[in-house]
Amino acid sequence: MFYDDDADLSIIEGRKVGVIGYGSQGHAHSLSLRDSGVQVRVGLKEGSKSRAKVEEQGIEVDTPAKVAEWADVIMVLAPDTAQAEIFANDIEPNLKPGDALFFGHGLNVHFGLIKPPADVTVAMVAPKGPGHLVRRQFVDGKGVPCLIAVDQDPTGKGEALALSYAKAIGGTRAGVIKTTFKDETETDLFGEQAVLCGGTEELVKTGFDVMVEAGYPPEMAYFEVLHELKLIVDLMYEGGIARMNYSVSDTAEFGGYLSGPRVIDAGTKERMRAILRDIQSGDFVKKLVANVEGGNKQLEALRKENAEHSIEVTGKKLRDLMSWVDRPITETA
C-alpha cells in the first residue's frame, strides 16, 4: 500500500497532462490535477456538449488529437467502447518517445484492442469510486483509494509517475494498491457481470416474478425485493456482511442462512466460473466489440427488453410516492 509520503507530486507537476474525456472520472481527474498545480488540458471532439462545462472551469479544451500532441502524459477516460478508435485516429499519430499513456481501466490494453508503441510508458490509475466521490473527497482534503499498474515501462520510472498522478487526484491520501492490467480488468468485469449488475439484476427480477406469479401485489413484491435492497447493501458497505446480519432481525438473519444457499448453490458457483472463463479467454470482449461494430443493436434490444419488464412499470409508479428519492431525468421529464 502506498500513501502520500511514497509519492512525489513534483513528477506530475513537471509534465503536461491531457485528459481524454470529461465524464464521471474525466471531470474529477481534470479538476483535481489542476488544483494540484498540474498543467492539464481536456480532449473532446468538436461539438461535444461537455466542452462548455470544461471551459466554465477555466480548463483549456481542444480536440483529442491536439491535446495528445501537446501532452506528454495522456489519460484516456473515454468510454471503453470508444477508446480504440480514439487511440488509432487521435492519440497514436501524436505519441512521442518518452510519452506516457494512462488509463482508468485496463480493458483495451489487456485484450489487445490498443497496442501502444514500445517507447511509451503504459500505466493505469483507477480510483475505486465514482468521479463525483473522487472529486468531493479531494476537495474535502481526503481521497478515494486507487489502483495503479504499469504495463509497459521503457524508462523504468512508470511506477513513480503513476503514484505521482494518483497523489494529484487525492488517491495517496487514502491509499494506493499496486496491481496489474490483467487483474484489474478481469476482476472488474467479473464483479459487474456475475454480481453487481448482471447477477443482482436477475436475482431481483426473478424474486419479483416469483412473488407476483404467486398472487402477491406487484407493489409489495417491489418493496420487498428491490426497494429494501438499498438498506441491506448500505449495511454491507458500512461494515461487511457481519454488520448487515447484526443489524437485521434474528428472523431475517436465520432465514437468510437457511435459504441463501438454496438460491446460490454449487451450480451457481460453477456458472460463475464459466463467466470468469469467458472473460479471461477474451470471449466476452469479442462479443462487446461485435456489438459495437454492429451499431449497438444487441445492446439496444436488451435495453428495450429490460425496460419493458413489469418491475420497471411498478417501480415508476411507486417512486412517484417517494419524495425523498432523487428521480432520474427520464422519469421527471
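Just so you know, glycine gets a Cβ as well, placed from its N, Cα and C.
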Fill in: Swiss-Prot annotation, NADP(+) site containing Tyr22, Gly23, Ser24, Gln25, Lys45, Ser48, Ser50, Asp80, Thr81, Ala82, Gln83 - matching residue among Gly129, Gly131, Gly141
Gly131
Fill in: Three-state composition of the domain 'KARI C-terminal knotted' (180-325), taking helix and strand from DSSP
123 helix, 0 strand, 23 coil
Practice prompt. Mind checking which of Lys45, His105 has the fewest other CB atoms within 10 A of its CB? They're the recorded positions.
Written response: Lys45
Practice prompt. Restricting to the same chain and to sequence separations of six or more, state which residues have a Cβ under 8 Å from that of Ser24 (NADP(+) binding site).
Written response: Pro130, Gly131, His132
Response to the item:
CA pair Asp188 (Mg(2+) 1 binding site) / Thr81 (NADP(+) binding site), Å rounded to integer, equals 16
Fill in: Pairwise Cα distance for Tyr22 (NADP(+) binding site)/Glu228 (Mg(2+) 2 binding site) [Å, integer]
33
